[in-house]
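Presented below is the structure to which this report refers.
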Number of protein chains: 6
Amino acid sequence: MAKLTHFDEAGQARMVDVSDKAETARTAVAEGHVTMSADTLALVTRGTAEKGDVLGIARIAGITGAKRTSDLIPLCHPLPVTKVAVDLVPDPGMPGVRITATVRTSGRTGVEMEALTAVSAAALTIYDMLKAAQKDMEIGGIRLLSKEGGKSGPWSRT
Amino acid sequence: MAKLTHFDEAGQARMVDVSDKAETARTAVAEGHVTMSADTLALVTRGTAEKGDVLGIARIAGITGAKRTSDLIPLCHPLPVTKVAVDLVPDPGMPGVRITATVRTSGRTGVEMEALTAVSAAALTIYDMLKAAQKDMEIGGIRLLSKEGGKSGPWSRT
Amino acid sequence: MAKLTHFDEAGQARMVDVSDKAETARTAVAEGHVTMSADTLALVTRGTAEKGDVLGIARIAGITGAKRTSDLIPLCHPLPVTKVAVDLVPDPGMPGVRITATVRTSGRTGVEMEALTAVSAAALTIYDMLKAAQKDMEIGGIRLLSKEGGKSGPWSRT
Amino acid sequence: MAKLTHFDEAGQARMVDVSDKAETARTAVAEGHVTMSADTLALVTRGTAEKGDVLGIARIAGITGAKRTSDLIPLCHPLPVTKVAVDLVPDPGMPGVRITATVRTSGRTGVEMEALTAVSAAALTIYDMLKAAQKDMEIGGIRLLSKEGGKSGPWSRT
Amino acid sequence: MAKLTHFDEAGQARMVDVSDKAETARTAVAEGHVTMSADTLALVTRGTAEKGDVLGIARIAGITGAKRTSDLIPLCHPLPVTKVAVDLVPDPGMPGVRITATVRTSGRTGVEMEALTAVSAAALTIYDMLKAAQKDMEIGGIRLLSKEGGKSGPWSRT
Amino acid sequence: MAKLTHFDEAGQARMVDVSDKAETARTAVAEGHVTMSADTLALVTRGTAEKGDVLGIARIAGITGAKRTSDLIPLCHPLPVTKVAVDLVPDPGMPGVRITATVRTSGRTGVEMEALTAVSAAALTIYDMLKAAQKDMEIGGIRLLSKEGGKSGPWSRT
């Protein structure tokens, strides 16, 4: 059975030692969404076109959230990200907003957690800005799409 | 159509003025989950019973995450929470871990965002600790279950 | 000669004791500006109308900056702000961007520093977003316009 | 017309990708000032010589502020600064205090924002410590003096 | 045997619910020290009198550290402190520096942790500033001296 | 007499310039303890075996505390740690809990302060969780055990 690297032989938590890993280029892409009623989504799309830029603010929250990853997740290594991009696309078929975050760094550990945290922060911010209109929105589908770099090589969700 | 309180008449973002609202007791409960394979869930449940306490660490991350809410969400009011509890229950039928967070304060705004952020931080931490074993876990079902307090009165998901 | 409240009789710094002050409604308004060339300002105004929303992002930075005030300024009391609004107006005559921040709380100390910090964070963010186009922009005119609340009563710049 | 690097082709904000830039030595120097009455400045200079060290505390605030730069400015890359020095000089002719900050790092992006943030944090702290004596002080003249390192080469204000 | 309030009946950690406690005036005083050689202490006392103000900087670190308490200690309630004072006294007999911190708030929980954290942050900062001169200094004697306020009433170390 | 590197020739504080130091592997080990009554220690050891995991939570606080070091200590360089491990051992002979922290990085400055901060944060968290049972616990013996890396070479407490 797989071993969890965040615990030592005695089962005690630790920040995994990555000191001897090579610094390589790392990329991770993650996605997620916020589902809402068509009426609520109309507030978003109307706002983007016209005024009240929900998606613009959520994008900033995603980017700044990525920078807070190691503050939020106890055993996560701090690392200086070199790129964060957050895409937010209204999806009338859902209805809701689809979120994709891409994070890069040159470092000793991957940036999966940074990409997932960017998606989460953007989703929470969308919820916050729309909660006066609808309380039963739902955040979901938060998952890693792909990662590159490091000894384990590239990985893509199939 | 509903108006978004986070924007003024000109569509510019602001932190909503709650200065004149009464300080009342506020409670919010939110939930979410992380789905994973049965093998990965076995690592969690084995660890809790024996060693490598994934859920204990995720619980702490949820509690500390609730304290960071206004740092993560741009237009969220800062407020001193007076209670945070995070429940984490392995669900073999899913398979995965179910997360519930309860937050209280005495303040001028609700604590929905604090409860949702606690769930998100706990979920991200679970992902972080298990990602060496499985990369395609998924975080979902993050939503408000109920809130109490304030002028708008109690609300429950139906 | 006036005494500095941030020092005790021996000249040692302290966070002033406000425990026995009444909790009253407090408001502060501050302003500032970023001067730049007409060409750089055109990038801002074009962007606001069309794409690349410099002012929208600076507004968010001002609001989140207000929440960080007691983190940045050593002897500043932490206090939960109840309103933050940041106005950003392109001024072709300057040329540059004028910034005004309004902050409210119900507390034992004033929110002048929160308003001044909001202006500063918005100004720095404008600089950051435009520095690829112009390096010799200048941030200035950061000052308190008015304050209300507390024992000392209302004050306005004359 | 110049392009703003913080926005993509569609005008959406992003943290610029610097992953492929070389790590080089970077230096930036910025300045600013706080103007005040001669009486208020006397409180500062008297304090420095004797007791109540306003400038010593503002210097610390400038140094710690530089470390918070990427927390305050949404699209700013986090980077580990390797030197921060903040000089504070009373100027009776102004009257006021002149602030100069020098920041260095070895990294993929420049440290202009760190130097400007150090100046801003020091200026705000001076205001905070003296505001009991004078409310209409003004912070101004915050600008970049020089930068070195990176592909664009050295730059100096002329 | 005493029960630990930070755990529920199932032994799971939580932030204790203080929502229904009254807001009362709370004070806590804590102390600690850093022991060092007489030569190292001479660097401190010489600096205070003349240049290189180790104690002034440690005092600021203690005050700002008190404001970070709930960031550092997972189950600690966030609360806005209304006074922080940190006294630092060189003790040639030790030799070393004695640290005392006094913290006040009006709140639902005590400020013992804030006072102890202020002492710890000041002590660590003293160590940091002197470590070039002596590596085997020791931080110790960190303990609560007294507390007041709240249902449990005043307590003093005997 | 030794010079303090954190001050320039004029005695003004600065963050020491380490830009030209080589990036080398750095390790530091620090220790400390919390003394308490045998009854209080029994609450810890019973909890670890059974429920209410005081040591598990203190371990997380130590690890996250190490990541906050440059936030807490004014002149400390920020650096991305690559390993943090915190060991907590109940010592019935003391009685109390012994804490050891090991921190690694690859960087231009040592990680002594990170190791000492990890110990301090773990100790404060132990105090926080047990203070309902005993108020006169004491934190002490916080000191560096060894360091490796950098120009000054290895050092061990003798």
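One-based numbering along the chain as shown.
Every residue, even glycine, has its Cβ placed from backbone N, Cα and C.
On a predicted model such as this, the values are computed, not experimentally measured, just so you know.
Feature annotations, courtesy of TrEMBL:
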- F:15-150: domain 'Molybdopterin cofactor biosynthesis C (MoaC)' (DOMAIN)
- F:Leu75, F:Cys76, F:His77, F:Met113, F:Glu114: substrate binding site (BINDING)
- F:Asp128: active site (ACT_SITE)
Could you find out if DSSP has F:Leu75 (substrate binding site) as helix, strand or coil?
coil
Give me the DSSP three-state residue breakdown of the domain 'Molybdopterin cofactor biosynthesis C (MoaC)' (F:15-150), ordered helix, strand, coil.
49 helix, 45 strand, 42 coil
For the C-alpha pair, I'd like the distance in angstrom between F:Met113 (substrate binding site) and the residue listed as 'active site', rounded off.
22
Across the recorded positions (F:Glu114, F:Asp128), the Cβ with the fewest other Cβ atoms inside 10 Å is that of F:Asp128
With Cβ-Cβ distance below 8 Å and at least 6 positions apart along the chain, what are the contacts of F:His77 (substrate binding site)? List them in sequence order.
F:Met15, F:Val16, F:Val18, F:Ser70, F:Gly107, F:Arg108, F:Thr109
Given F:Asp128 (active site) and F:Glu114 (substrate binding site), what distance in Å do their CA atoms have, once rounded to a whole number?
21
Pairwise Cα distance maximum in Å, substrate-binding residues per record: F:Leu75, F:Cys76, F:His77, F:Met113, F:Glu114
13
Which chain-mates of F:Cys76 (substrate binding site) that are at least 6 residues away have a CB under 8 A from its CB, listed by sequence?
F:Met15, F:Thr69, F:Ser70, F:Met113
Give the residue from the binding-site residues F:Leu75, F:Met113 that has the most other Cβ atoms within 10 Å of its Cβ, counting over every protein chain displayed.
F:Met113
Cβ within less than 8 Å of chain E, restricted to recorded positions F:Leu75, F:Cys76, F:His77, F:Met113, F:Asp128, yields F:Leu75, F:Cys76, F:Met113, F:Asp128
So what pLDDT does the domain 'Molybdopterin cofactor biosynthesis C (MoaC)' (F:15-150) average out to?
94
